[in-house]
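S.K.: When I checked TrEMBL for this same protein, it listed these features:
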type	residues	note
DOMAIN	119-241	domain 'PARG catalytic Macro'
ACT_SITE	Asp147	active site
BINDING	Asn150, Gln164, Tyr205	substrate binding site
ACT_SITE	Glu165	active site
ACT_SITE	Glu166	active site
Amino acid sequence: MANAQLNINDTMLNTFRGVPLSDIPNLFGQPLNLNDMQDVRDVNHTFMIKPFKYDLSNPDCEPEPVHGIDTYRDVWQDDYVRMPCSAGNITSDGTSKWCVIQIALMKLKEKCEANTGTVNNIKTPLCNIHLVENSTIEDMHGFLQVDFANMYICGGVMDEGCVQEEIRCTISTEMLVSLLVCEKMQSNECIFLIGCEQFSTYTGYANTFKANADYIDKTPKDSWGRKLCHVVAMDAIYYENPLIQ
């Protein structure tokens, strides 16, 4: 991730436990270089949005589709995924698109299960840990952030839940879109969210949680205009007995 030590001031560095950041060898100095959308020519992938070109010199300007508004054919509306209840959820031969998608997903699941290990058979030792005190996950700009999630992403954010995961989705509200498109996570699955922009700050936790103020997220963007904030959600394992954990 870009500038892995962004916003890590001297005070924070003096209150860490474990090893210094400099002793962790796999920090990324720069973000990955992405080809412009119009240059992507991969037959195995399809854009489900209108490809656009992001202008790094004018970050506040809304980008236009690279093929032009009048000439671009939106494949989402013509041939690809629609919600199951949509009247357009039928192919030209009368087959439901979701049946085709489900078959493909089942094949993918079988391949994943055939090549999935567990914690018990991992032989590689755990890496060194740098633990910062008096900070939050969302404060650690430039790092891959972990959402210790419910099996249903965003947990109880639409109900009465208001702890780590729900707070993370509340201050970065675009993460809530995952509720619409992500199914229940299996034990060998995770969900990767890219470009999680923060819009508000807060105080408290759980019963004391309160919205605080608007937040201007100054995290740099990648070449596609996405905030360099990546969150990986994984279903945390629950142990009733700490001795078993």
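Each Cβ is built from the backbone N, Cα and C atoms, and glycine gets one as well.
Keep in mind it's a predicted model, so treat the numbers as computed, not measured.
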S.K.: Can you tell me the CA-to-CA distance separating Glu166 (active site) and Asn150 (substrate binding site), as a whole number of Å?
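M.R.: The Cα atom of Glu166 (active site) is 10 Å away from the Cα atom of Asn150 (substrate binding site).
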S.K.: Write down the Cα-Cα distance for Gln164 (substrate binding site) and Asp147 (active site), rounded and given in Å.
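M.R.: The Cα atom of Asp147 (active site) is 8 Å away from the Cα atom of Gln164 (substrate binding site).
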S.K.: Out of these active-site residues, Asp147, Glu165, which one has the fewest other C-beta atoms within 10 Å of its own C-beta?
M.R.: Glu165
S.K.: Using DSSP, tally how many residues of the domain 'PARG catalytic Macro' (119-241) sit in helix, strand and coil.
M.R.: 26 helix, 30 strand, 67 coil
S.K.: Which residues does Tyr205 (substrate binding site) neighbour through Cβ under 8 Å, counting only same-chain ones at least six apart?
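M.R.: When sequence neighbours closer than 6 are ignored, Tyr205 (substrate binding site) has Cys162, Val163, Ile167 within Cβ distance under 8 Å.
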S.K.: How many other Cβ atoms are found within 10 Å of the Cβ atom of Glu166 (active site), counting all protein chains shown?
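M.R.: Other Cβ atoms found within 10 Å: 20.
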S.K.: What is the number of other Cβ atoms found within 10 Å of the Cβ of Asn150 (substrate binding site)?
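M.R.: Other Cβ atoms found within 10 Å: 18.
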S.K.: Once the chains shown are all counted, how many other Cβ atoms turn up within 10 Å of the Cβ of Gln164 (substrate binding site)?
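M.R.: The Cβ of Gln164 (substrate binding site) has 18 Cβ neighbours within 10 Å.
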S.K.: What is the pLDDT of the domain 'PARG catalytic Macro' (119-241) when averaged and given as a whole number?
M.R.: 88
